[in-house]
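The structure under discussion appears below in the form of structure tokens.
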């Protein structure tokens, strides 16, 4: 299982609250410029593999990537965060998420055996989008639940994955979570412009094409093109516009005592 975060950049107003709370809450280095990005806590982090001293490691129970302060390793990313793991362990969201209106936290179940296959695609655009989705598992699938229990994943983590806003909305990719620059409209007047979404799928525009009309009449043509139902679109609206606290943050308390010490495995 992996704890994941989603940022809705449409709601970012540059208020600096995320950086201020990180500075005050973690007493950690911070930067003057608003940077709505953070350590990705990757499923297969390259920094862990390249650190010569083995000081960087990925936690087994929640997938958070940390640096062992008793060892020496220069982080390749100046924005390295610890994902507020003491708060995550107690079932609380990160401080930046709790003070930001556009952040969502939740649990994802994934198949670690598929990571190498997804990363080994010969060409960047060859099913990159589909391969990424194949890594993540449906938490409502009985077979997935059965296998997760066999792997020692606690029931409360499985329950959290089933209610996870990250699984429901972030995957597959939606333009509402775009990482492209805002402030410009394409020639067709659609925001975001399809051309701006190419970065989400290595240049392949097919998977990220979306359209929306607001005319007081339900137009399902765009939904049919992307394989969404009207109910799913309504659910997206609920999460993106009027979500409650418990909808945005679904973080199970940690079972760290049951987790394998991944530093020993490494």
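Cβ coordinates come from backbone N, Cα and C, glycine included.
Remember, predicted model here, so these are calculated numbers, not experimental data.
Record note: Swiss-Prot gives 81, 84, 96 as [4Fe-4S] cluster 2-binding, and the candidate from 15, 22, 42 in that site is 22. The local packing around residue 84 ([4Fe-4S] cluster 2 binding site), expressed as other Cβ atoms within 10 Å of its Cβ over all shown chains, amounts to 22. DSSP assigns residue 81 ([4Fe-4S] cluster 2 binding site) to coil, not to a helix or a strand. For the recorded site, residue 39 ([4Fe-4S] cluster 3 binding site), the DSSP three-state label reads coil. Of the listed binding-site residues 22, 42, 81, 100, the Cβ environment within 10 Å is emptiest of other Cβ atoms at 42.
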